[in-house]
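For reference, TrEMBL has these:
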{"type": "DOMAIN", "residues": "58-123", "note": "domain 'PA'"}
{"type": "TRANSMEM", "residues": "149-168", "note": "transmembrane segment"}
{"type": "TRANSMEM", "residues": "196-220", "note": "transmembrane segment"}
{"type": "TRANSMEM", "residues": "226-248", "note": "transmembrane segment"}
{"type": "TRANSMEM", "residues": "269-286", "note": "transmembrane segment"}
{"type": "TRANSMEM", "residues": "292-309", "note": "transmembrane segment"}
{"type": "TRANSMEM", "residues": "321-341", "note": "transmembrane segment"}
{"type": "TRANSMEM", "residues": "382-402", "note": "transmembrane segment"}
{"type": "TRANSMEM", "residues": "414-437", "note": "transmembrane segment"}
{"type": "TRANSMEM", "residues": "443-460", "note": "transmembrane segment"}
Amino acid sequence: ADEGILHASGGGVPPVTKDYCIIYNSNWVSLPKTLDNATFSSLENLTSTVLCSSSEVPSGVMKDKAVVVMRGNCTFLEKARIAQSLGAKMLLIASKSRLSAISDNKTDFEDVTLPVALIRYNDIVDMQLVLGNEVNVTLYAPPLPEFDYSMVVIFLIAVFTVALGGYWSGVAELENLKAVASPGERETRLKKEENVTFTPVTVILFVVICCVMLVLLYFFYKWLVYVIISVFCLASAMSLYNCLAALIGEIPIGQCRVTCCNKTIEVRLIFLAVFCAAAAVVWAVFRNEDRWAWILQDILGVAFCLNFIKTLKMPNFKSCVILLGLLLLYDVFFVFITPFITKNGASIMVEVAAGPFGNSEKLPVVIRVPRLEHSASTLCDLPFSLLGFGDIIVPGLLVAYCRRFDVQTRSSSVYFISCTIAYAVGMVLTFVVLALMKMGQPALLYLVPCTLITSSLVAWKRKEMKKFWKGSSYQV
């Protein structure tokens, strides 16, 4: 469908303006690319009718006006012919369902030259609430921007999270190695240890669970989405606590303790736990507030990814290859192959990410940044650039393994730095393909080869491939 913008202006001084998404057919009408050449018309709200007959409206009410009616059983062009015969300058058709392409047969309606566009009914209601009853509107279709600078912000967040998660995992590994040398310290360290090690079997099981969960979300989205939101709130609050507690632990002040149930705990950690829980609750309550809730979601999301990368340990490069390889196939299958299977020809991955069947609740498993370039696509599709947590966590586990291997072999961070740079290159490649193809991409398709090939080349060049593949004796 052709996407355009309805620019609405209220009657105040200065006039309040707002843009709304429209769908139109460029074969029927050519819209101006800027507002400079656009002509405004007064809007007449006739959403009480469907305009399938000229007798539905009084004579003269449409004269020289933009008219909005409801979608009915008759075709768009039948409505347009009636509106044109009654003197209307523009016809807007309000739809309560998802906006779809306008594709009626124009052969019998060659005399119809009236601009026709499809608009959301909720936008008409919002227009009246925000702008009042006296509204002037016009239509235009600005060209799509070649590049959206929100991708730069996404890039910086992703590379920062992967690099910091890998570094944190290396710090934990260094503490583990020191604890091995000291029996007393080893006991203390084992009590604090919260890491989970992935084996090839658990890797395969993890991927199977991912597949099952995605399919369940596709079919039972409107119920499971609230389960995912609840799990995210709990997991992100705990992750934010772990990240901030690690920082606070390095500050040698405010260490007073209280005793409860034969256990002592620092007072500052109690306040920290309350703060993290409150942050998750605030996000849950205001998650649909587009103006600022995305900032809180990104903070919680980065903390979740950092904690996941630090906690989940890959024992060797073999497990990394199995995990990243299977998830690459998973990503490609659910993005590119499933459109040939589903009834509506839509990708399961894209449908779940956007909310199947126009569901207003979105899964909070993405980093999102508002698009900085104004376009019809921003209004009609998604006003945010998105990057899934998996595109950070999955390569991040390999980066973390590289960092731990550097610590074990005292290799001056060569594996860690090269793999982080490869991840950054993979992200840039993803954005380039995204800009060229103008459609969502499975980022792992580019991230996985970049990171795996780079890590393999470094290990081969340093003649450490066997050790890198099997992992150290300590981790085994």
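Cβ from N, Cα, C; glycine included.
When pLDDT values are averaged over the domain 'PA' (58-123), the model yields 86. Counting Cβ pairs under 8 Å that are 6 or more residues apart, the transmembrane segment (382-402) and the transmembrane segment (149-168) reach 3 or more and are in contact. Within the same chain, the transmembrane segment (226-248) stays apart from the transmembrane segment (443-460): fewer than three Cβ pairs sit under 8 Å, each pair at least 6 residues apart. Below 8 angstroms of C-beta separation, residues 228, 311-315, 318-319, 322-323, 326-327, 330, 334, 348-349, 351-352, 356, 363, 397, 475 of the same chain, each at least six residues beyond the ends of the transmembrane segment (196-220), sit close to that stretch. Between the transmembrane segment (149-168) and the transmembrane segment (321-341) there are fewer than 3 Cβ pairs closer than 8 Å, counting only pairs 6 or more residues apart in sequence, which means the two stretches are not in contact.
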